[in-house]
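For reference, the structure is listed below as structure tokens.
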Amino acid sequence: MQGLFRDPALERHFTGHSGGITQLRFGPDGAQIATSSTDSTVILWNLNQAARCIRFASHSAPVNGVAWSPKGNLVASAGHDRTVKIWEPKLRGVSGEFVAHSKAVRSVDFDSTGHLMLTASDDKSAKIWRVARRQFVSSFAQQNNWVRSAKFSPNGKLVATASDDKSVRIYDVDSGECVRTFTEERAAPRQLAWHPWGNMLAVALGCNRIKIFDVSGSQLLQLYVVHSAPVNDVAFHPSGHFLLSGSDDRTIRILDLLEGRPIYTLTGHTDAVNAVAFSRDGDKFATGGSDRQLLVWQSNLHTYDASQFEAKSALASSSCESSGVSSKQSEGSSTSKSNDLSIRIDPRQSLAYQLSEENFQVLDSKHSTQPEKVLGHGMDFKQHSSSPRFF
């Protein structure tokens, strides 16, 4: 590893939404990113510079969440209009709609097979749906307030929910029973992420903290206070060794979970960072914020070496002290160091940030027919047979 250690670096900079980005997800092949926005649209961004991007604008209210099916043939979006739209990227149109909840839908997720879909809502429930058969399967409704996020575990046997009642609950998919409850005292959880092994859960909290729990043992494993404002999103690196976070303080942090410490502080957003995600191979990560920007980064975490980082961060800290700048202090878990020796990276002067996207073009894809709502049903799914219109 000697000599190969490289810091994360900005690769691409996209703007195109007219409202803040609320969530983002890489496609399974890593060539596309789906973003949802308060401007009521979803955009599929192509990382191939010569390829066009597609904007879907079928929601009638802000879009709160987005997810890819495991095969990449479907994209689901969760709207404040109480619906979940199912998009087929190859057809560039809406293939169906779930009228899934009685209030705003906050998040959407697919299980590892792609057969089941999970939704979370302000109606205090999370629901599982069978995608192909368009059937409601089950509901988890023990929350006493909005459910901001719901995620399948990697093996699909458990569901985790984050609610404004200041709880994180773990449900057994087969039985529907709540098997674990983690209660917060300071603030409600805003987002959560399963560890790739399925045995741990990271929780982003409104009290500026990040917690990592052992799901089976109900134990708090690590606590990080590395942000100065509420934490909006967290994502595990596929290796499980690193955690990415985004906050209202406009920064992105990368944590080394093996050493229990923050290692990078990334700036570049000019407003709250609402969404973070790694690509499936971990080579890239993306961040999106209220400033409407989508930043795509080379993670370079495969080159990370703890000993080289220690030397580099110590040198940076020494330089700061010699220039009269004190190192920032941060609370951490029982395994983390008190001094935040993370390396700060600001990409706003980089070529990748300043370059205009000469080949960038967004195609608007709208469908002329509004799906019908069937009263008395928990769900309505209407297929559209005609071709979408392009503007």
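Including glycine, each Cβ sits where the backbone N, Cα and C put it.
Listed in Swiss-Prot for this protein:
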type     : residues : note
COMPBIAS : 321-338  : compositional bias 'Low complexity'
REGION   : 321-341  : region 'Disordered'
REGION   : 363-391  : region 'Disordered'
REPEAT   : 16-55    : repeat 'WD 1'
REPEAT   : 58-97    : repeat 'WD 2'
REPEAT   : 100-139  : repeat 'WD 3'
REPEAT   : 142-183  : repeat 'WD 4'
REPEAT   : 185-223  : repeat 'WD 5'
REPEAT   : 226-265  : repeat 'WD 6'
REPEAT   : 268-307  : repeat 'WD 7'
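Sequence-distant neighbours of the repeat 'WD 4' (142-183) (same chain, 6+ residues past either end, Cβ-Cβ under 8 Å): 65, 106-107, 109-113, 116, 118-122, 124-126, 128, 189-194, 196-198, 201, 203, 213, 215, 218. Proximity of distant same-chain residues to the repeat 'WD 6' (226-265), defined by a Cβ-Cβ separation under 8 Å and at least 6 residues beyond the stretch ends, is recorded for 7-8, 23, 187, 190-197, 202-210, 212, 271-278, 280-282, 285, 287, 289, 299, 301, 304, 306, 309, 313, 330, 332-337, 340-345. Between the repeat 'WD 1' (16-55) and the stretches 100-139, 185-223, 268-307, the greatest number of Cβ pairs separated by less than 8 Å involves 268-307. For the repeat 'WD 5' (185-223), the number of residues in each DSSP class (helix H, G, I; strand E, B; coil) is 0 helix, 22 strand, 17 coil.
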